[in-house]
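Summarising the annotation, Swiss-Prot assigns Fe cation binding site to 54, 57, 58, 61, 64 and lists sequence analysis as the type of evidence. If you look up Swiss-Prot, you'll see 7-156 marked as domain 'Ferritin-like diiron'. Marked as N-acetylserine by Swiss-Prot on the basis of similarity to another entry: 2.
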């Protein structure tokens, strides 16, 4: 059944939004895996785990924001299977942060592609939605992860375990 409120909302945009919902849910699932990996007793980097669990929540909220927008525009939310994270063992914080940065860059590219599609389909509402809720936040997160990687690489010495511990205590501290 078609929507009575749908206006200037192309089927290509609708499908791309559904794909982005899935990407955000997959990212949330991956960050949840990362968060609880670093919280294990044999890894014990609580601050790193907290950092990734917060990202899991942010990505889930992003998926919900897209779903609400989809309904407001008269689109239909079509859920797909959420792929499990690529691994269960994440290694050191440096390895995990590199994987997270790649994930965020792929999400950012998907957002940019959706923005370009919205521009091509003359959908100013979609472009405004992306600009106000996603694009700037994504760039800030990529910068933050890049900064964390720079500091983690500085600490990657023969005493890498000590460096990882100090990074976790000094950079990712939380109350």
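Here the Cβ of each residue, glycine as well, is placed from N, Cα and C on the backbone.
Take the CB of residue 2 (N-acetylserine) and look out to 10 A: across all protein chains shown you find 6 other CB atoms.
Residues 54, 57, 58, 61, 64 make up the record's Fe cation site, and a Cβ search at 8 Å around their centroid adds 28, 55, 56, 59, 60, 62 from the same chain. For residue 2 (N-acetylserine), the nearest of the binding-site residues 54, 57, 58, 61, 64 in terms of C-alpha separation is 64. Taken together, the residues of the domain 'Ferritin-like diiron' (7-156) have an average pLDDT of 96. Look at the domain 'Ferritin-like diiron' (7-156): DSSP puts its residues at 115 helix, 0 strand, 35 coil.
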